[in-house]
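Visitor: The transmembrane segment feature in TrEMBL is assigned to 12-34, 46-67, 73-91, 137-161, 176-195, 215-236, 256-276.
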């Protein structure tokens, strides 16, 4: 068994990381109960989904650490869950503005700046797009397509893997792994672009709701779960991370990525509890904001 092959420091490390995962799950359960009691029903499920991202990734990483053969399934489970969370984060920003109708009234003559990351941050010549029901639909579609197509592509990968045609670390042009990974990467960029466009517009309005720390936590999960893991896997396939018998380079890289994710997601779970637990006042209705200057003029 895995535990029998570990020395004393290894067992202590595994026990500590498992304990951190259990604490993260308990913190999330306590936070979910608080959200269920204190948050209005219109926002409740969305905020619980977003808060669940870090504990779910920590749990899948812990399972992959103890059961190495399950790594592909645990990574895919975390990927599917986070694809849904990206869409939920966009919907949360719309809900915090009062919903789609209220958001359209607040920004009646406003424009979206689409020259933002990660797709078009260098394309400053792109025109600004009016905020309409149609543009909101396209932004929501940008994240929804990721929540739909990523599970489909992951299911296809598992089918090919069981048939022996899909090798995770084989990135040759003849294999399906490279093309599926590139397609998932393109879908990810479009989804993150839609969230970035919306955040850039509402960040000042929702500053009172701490949207900037919430967005920062969401960005950290994206970077750590995708970019960090990809870099470690590339180092492992290129043998930059040396093998340590009985572990090969790829297996050792997978262990390092999982152990780092457990520690990082534990910290994000604790910080998320602080950020999302605060009581925030509802925004003023757009009519009141519009009428205030007129009322002040009539007073003298």
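Yeah, the Cβs are placed from backbone N, Cα and C, and that goes for glycine too.
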Visitor: Considering only the recorded stretches 46-67, 215-236, 256-276, state which has the highest number of Cβ pairs under 8 Å to the transmembrane segment (73-91).
Guide: 46-67
Visitor: By Cβ distance under 8 Å, which residues at least 6 away from the ends of the transmembrane segment (215-236) in the same chain are close to it?
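Guide: Contacts of the transmembrane segment (215-236) (Cβ under 8 Å, skipping residues fewer than 6 from its ends): 50, 53-54, 57, 75, 78, 82, 85-86, 89, 169, 188, 192, 195, 199, 203, 249-250, 252-254, 256-257, 260-261, 264-265, 268, 271-272, 275.
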Visitor: Can you work out which residues elsewhere in the same chain, 6+ from the ends of the transmembrane segment (46-67), have a Cβ less than 8 Å from its Cβ atoms?
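Guide: Tertiary neighbours of the transmembrane segment (46-67) are 2, 14, 17-18, 20-21, 24-25, 27-28, 31-32, 35-36, 39, 74-75, 77-78, 81-82, 84-85, 88-89, 91-92, 95, 214, 218, 221, 225, 254-255, 257-259, 261-262, 265-266, 268-269, 272-273, 276.
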